[in-house]
Amino acid sequence: QICTNCCAGRKGCSYFSEDGTFICKGESNPENPKACPRNCDGRIAYGICPLS
């Protein structure tokens with residue numbers, strides 16, 4: 001289980017719950033991170049990111 005939330009997640013990554021339900025896409029660009037809360041979204045179990 002990863003600790004992140006939709007705001008702080010990497011842009012381009014998709015985040016899913018334990019049972020594979022799509023939760024959201026990440027919104028934070030690593031080059032220019034958004035000001036995001038550092039809380040964990042308990043629904044997010046893993047993220048899938050493109051290999052770019």
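Cβ coordinates are placed from backbone N, Cα and C, and glycine is handled just like the others.
If you go by Swiss-Prot, Cys13 shares a disulfide bond with Cys49, out of Cys40, Cys49.
Of the cysteines Cys24, Cys36, only one is given by Swiss-Prot as the disulfide partner of Cys6: Cys24.
Just so you know, the Cβ of Cys7 (disulfide bond) picks up 17 other Cβ atoms within 10 Å once every protein chain is counted.
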